[in-house]
Amino acid sequence: MKTLLLTLVVVTIVCLDLGYTLKCNKLVPLFYKTCPAGKNLCYKMYMVAMPKVPVKRGCIDVCPKSSLLVKYVCCNTDRCN
């Protein structure tokens with residue numbers, strides 16, 4: 001009986017994902033990293049002249065403003081960048 005109860009508790013914790021954190025792609029989208037506390041956005045940075053080639057990806061707390069040369073795209077779901 002104790003084993004069954006322990007199993008139910010473990011399954012509940014795994015299913016609820018109590019320690020939810022955001023996952024963002026690294027520069028190569030096959031790899032991702034778990035964002036630290038406070039960094040609740042994923043971002044992708046690329047040069048305006050080459051919009052299909054991202055320069056940097058990762059976690060960030062506030063989305064930076066784009067400029068004439070660099071564009072930032074931010075989102076808040078897992079691996080959205």
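The backbone N, Cα and C atoms fix where each Cβ goes, and this holds for glycine too.
As recorded in Swiss-Prot:
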- CYS24-CYS42: disulfide bond (DISULFID)
- CYS35-CYS59: disulfide bond (DISULFID)
- CYS63-CYS74: disulfide bond (DISULFID)
- CYS75-CYS80: disulfide bond (DISULFID)
- 1-21: signal peptide (SIGNAL)
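Under the three-state DSSP scheme, CYS35 (disulfide bond) falls in the coil class. Among the disulfide-bonded residues CYS24, CYS42, CYS74, CYS80, the ones whose Cα sits within 10 Å of the Cα of CYS59 (disulfide bond) are CYS24, CYS42, CYS74, in sequence order. Put simply, CYS42 is the one of the disulfide-bonded residues CYS24, CYS35, CYS42, CYS63 whose Cα lies nearest to the Cα of CYS75 (disulfide bond). Of the candidate disulfide-bonded residues, CYS24, CYS35, CYS42, CYS80, the one lying closest to CYS63 (disulfide bond) when CA atoms are compared is CYS42. Separation of the C-alpha atoms of CYS80 (disulfide bond) and CYS74 (disulfide bond): 9 Å, rounded to the nearest whole number. Separating the Cα atoms of CYS24 (disulfide bond) and CYS74 (disulfide bond) is a whole-number distance of 11 Å. A straight line from the CA of CYS74 (disulfide bond) to the CA of CYS42 (disulfide bond) spans 6 Å.
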